[in-house]
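Reviewing the structure listed below.
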Amino acid sequence: MVLIRVLANLLILQLSYAQKSSELVIGGDECNINEHRSLVAIFNSTKFFCSGTLINQEWVVTAAHCDSTNFKMKLGVHSKKVPNENEQTRNPKEKFFCPNKKKDDVLDKDIMLIKLDSPVSNSEHIAPLSLPSSPPSVGSVCHIMGWGSITPIEKTLPDVPYCANINLLDDAVCRPPYPELPATSRTLCAGILEGGKDTCRGDSGGPLICNGQFQGIVFYGAHPCGQALKPGVYTKVFDYNDWIQSIIAGNTAATCPP
């Protein structure tokens with residue numbers, strides 16, 4: 001089964017077909033408390049359901065399929081149960097989607113840009129991750145992180161984020177397991193060919209960081225997670241750089257690449 005990586009209860013509410021629910025990082029370890037300073041936890045009411053990436057003091061990038069009503073974003077979070085003094089909570093002031101995104105097609109242009117209702121302050125546990133200066137190269141070592149499921153089948157959500165290293169693979173590797181993805185999709189293929197390391201339910205919207213640069217957004221994958229020859233699929237951030245920068249500059253009519 002193939003599903004977008006979002007929590008199952010939100011899938012029922014938001015999506016009209018079976019998709020992969022958000023997951024924890026499979027095959028990883030607890031992140032160092034200062035290893036995820038740009039990672040944003042997104043909550044609907046009181047429940048965590050997605051992640052995002054802080055790209056400057058006022059803007060967060062996440063997946064379009066993470067959109068929901070009345071959500072909040074928490075920054076500087078490590079343990080979801082034990083708050084720390086550096087945590088900051090923000091509401092979305094504005095949300096932006098690709099205006100040329102195919103309506104009701106969650107596989108098309110899965111990116112959302114969020115303006116916060118007030119700027120955040122950098123701290124020991126909070127710092128933005130800048131947009132990529134160049135696209136990543138196949139073979140790059142990439143870092144994944146999130147509060148998603150740490151077990152591949154049953155949903156086991158950890159209290160703290162897990163991190164793992166995977167490899168950026170050739171796009172051709174992701175075509176056979178995911179023929180439903182458009183051939184023109186602006187995505188990255190990343191994982192471990194033999195399986196065992198992957199993003200999973202609850203990791204949706206979080207970052208793929210390759211050689212220290214924010215290169216991807218957790219988007220799509222197989223269920224169970226971490227299967228051999230079924231890597232994860234990530235929205236390619238570099239292809240949306242111009243759109244993101246245009247929106248931030250005030251050109252809200254900017255369109256995304258086809």
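Any Cβ shown, glycine's included, is placed from N, Cα and C.
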Partner cysteine of Cys210 (disulphide bond, per Swiss-Prot) from Cys142, Cys163, Cys256: Cys142
Residue among Cys189, Cys200 that, according to Swiss-Prot, closes a disulfide with Cys174: Cys189
Separation of alpha carbons, His65 (active site, charge relay system) and Cys98 (disulfide bond) (Å): 12
Mean of the pLDDT scores, which run from 0 to 100, over the domain 'Peptidase S1' (25-249): 95
Alpha-carbon spacing, Cys174 (disulfide bond) to Ser204 (active site, charge relay system), which is rounded to whole Å: 18
Candidate with the highest Cβ count within 10 Å, taken from the disulfide-bonded residues Cys66, Cys98, Cys200, Cys210, Cys256: Cys200
